[in-house]
């Protein structure tokens with residue numbers, strides 16, 4: 001049978017139609033410079049992406065080191081700027097060492113794959129970030145996915161394994177609903193069964209812990225020898241990039257074995273300079289972390305969410321994707337930019353508005369949010 005004349009991409013139209021019918025098509029929305037909408041959608045938790053010191057940190061780095069890092073960190077892309085920032089962030093979080101990657105996604109890929117591999121066991125929470133899911137798939141380890149925040153299931157997987165090496169991976173703060181992982185209990189299980197714990201602090205750094213040092217710091221696990229922390233520089237620190245923090249032996253191993261580090265161009269100087277400046281602002285102004293949680297509580301109250309949020313994230317479940325998307329659109333039309341999470345990001349039937357609090361929200365911003373959310377959610381919940 002011949003297939004001549006068939007378009008190899010014809011199937012894309014069919015898939016697009018299916019997504020459209022299910023209310024799951026995605027589209028890029030251009031954000032204008034200096035827009036007037038109140039931002040409850042970005043991950044700029046501390047409001048540092050436009051902070052004068054952070055912007056100047058990026059500009060200063062470009063002037064000194066150029067627009068790009070010019071190569072892999074193993075060739076020409078490793079600068080004094082990269083290493084200085086790594087040392088500063090490690091000291092801030094209580095880690096022995098740090099290694100910067102080009103994104104939080106590649107940091108998770110690099111850490112999980114390089115620290116597991118064939119003949120090992122990976123135990124992953126069912127709601128970990130997509131980068132951790134993909135890392136597990138690429139690892140060639142045996143993977144056990146446990147129910148969300150189920151410590152008993154983690155212990156069962158570790159206790160019944162045949163593999164010598166085991167790694168448990170989890171977010172510290174889960175991105176869709178902002179709830180916290182029971183890190184102390186998970187670590188106790190890992191210690192009993194000789195497993196390494198990898199924790200993604202993307203949504204914990206800058207918000208939880210002493211002065212925003214993260215949930216690991218808050219539960220007394222900062223610098224633990226059997227814990228590896230990953231995080232992004234694109235949320236609380238308002239820049240871009242990712243980092244793996246932990247024992248020096250882990251850093252040395254990743255330099256040798258983490259493919260997203262070895263074969264990727266080093267993070268651009270501007271991003272490193274901005275992240276370092278943001279870290280310095282956080283050190284100087286630790287109250288920003290508290291302000292995030294206070295503003296999240298105000299948003300939760302506006303949405304009739306009963307519990308005080310544990311993080312910057314306030315999740316308002318509306319059910320079907322069309323309802324959530326219409327609500328997000330209505331908010332934007334009234335000057336409020338909110339996130340909209342639909343499957344496959346969240347389970348079917350749980351499409352939601354995802355609001356993110358920022359330390360820099362003003363009283364006027366919160367008043368606008370209360371007014372718009374009251375109007376939009378009343379209509380959406382009818």
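Including glycine, each Cβ sits where the backbone N, Cα and C put it.
Quick look at what Swiss-Prot lists:
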| type | residues | note |
| --- | --- | --- |
| BINDING | 26, 129, 345 | substrate binding site |
| BINDING | 104, 105, 175, 200, 201, 202, 203, 232, 233, 234, 235 | pyridoxal 5'-phosphate binding site |
| MOD_RES | 235 | N6-(pyridoxal phosphate)lysine |
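Positions of the features from Swiss-Prot, shown on the structure.
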residue: 26; record: substrate binding site; contacts (Cβ under 8 Å, 6+ apart): none
residue: 104; record: pyridoxal 5'-phosphate binding site; contacts (Cβ under 8 Å, 6+ apart): 131, 200, 202, 230, 231, 232, 233, 234, 241, 242
residue: 129; record: substrate binding site; contacts (Cβ under 8 Å, 6+ apart): 108, 171, 175, 200, 202
residue: 201; record: pyridoxal 5'-phosphate binding site; contacts (Cβ under 8 Å, 6+ apart): 172, 173, 214, 215, 216, 229, 230, 231
residue: 203; record: pyridoxal 5'-phosphate binding site; contacts (Cβ under 8 Å, 6+ apart): 43, 171, 172, 173, 174, 175, 178, 235, 311, 312, 313
residue: 345; record: substrate binding site; contacts (Cβ under 8 Å, 6+ apart): 176
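DSSP assigns residue 203 (pyridoxal 5'-phosphate binding site) to coil in the three-state reduction, outside any helix or strand.
Look at residue 235 (pyridoxal 5'-phosphate binding site): DSSP puts it in coil. The number of other Cβ atoms within 10 Å of the Cβ belonging to residue 235 (pyridoxal 5'-phosphate binding site), over all protein chains shown, comes to 26. Between the listed binding-site residues, namely 175, 233, the fewest other CB atoms within 10 angstroms of a CB are found at 175. Those same-chain residues not listed among 104, 105, 175, 200, 201, 202, 203, 232, 233, 234, 235 yet with C-beta within 8 angstroms of the centroid of the pyridoxal 5'-phosphate site C-beta atoms are 43, 129, 205, 230, 231, 242. Spread of the pyridoxal 5'-phosphate binding residues is 15 Å (greatest Cα-Cα distance among 104, 105, 175, 200, 201, 202, 203, 232, 233, 234, 235).
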